[in-house]
Amino acid sequence: MADSTITAGQRSRAGFDLTPPNPEEMRRLVADLDDEERRVLLEHGTERPFCGIFNEAKDKGTYCCRLCGLPLFHAGTKFESGTGWPSFFDPIDRSHIAFVRDTSYGMVRTEIRCARCEGHLGHVFNDGPPPTGERYCMNSVSMRFVADGDPLPDDLGRGAPEGEMAG
């Protein structure tokens, strides 16, 4: 797993509690995953291109970690990359993402994980659009979508801003 420097009670600039789930919370979160979500989030898998439910999505809202609910990207930062996976150019808060060197399959790239629960999200590349030049290439099964005006997930009972309206 990622070398976590998150301490209990640490909050991101966006105001979210980044404290990792305790073992009991993690068991509860994992129990809610289906087989494909487990394979991708927990075993660092990759879903097939052009099949994810969010690949062509254009609704306004917030994309959150499927496992723990931490908000990751606003829909306004999503763009069509042509790769077959949902792509974003800027996270809600960089501290919500853990960046991990990945040398699997004879490649050197940067894996991205949820900074709170360490669930595998995808990879980030330096071929994205302005203003960041970054492309966060995501697995749809690693995310859940919250439409603008709906409450953000608060699966861990952390309180505001979790549970407040997205948008």
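Glycine residues also receive a Cβ, built from the backbone N, Cα and C atoms like all the rest.
The region 'Disordered' annotation in TrEMBL falls on one of the ranges 1-23, 116-138, namely 1-23. Cα of Cys137 (active site, nucleophile) to Cα of Cys65 (Zn(2+) binding site): a span of 14 Å.
Residue environment of Cys65 (Zn(2+) binding site) contains 26 other Cβ atoms, counted within 10 Å of its Cβ in all protein chains.
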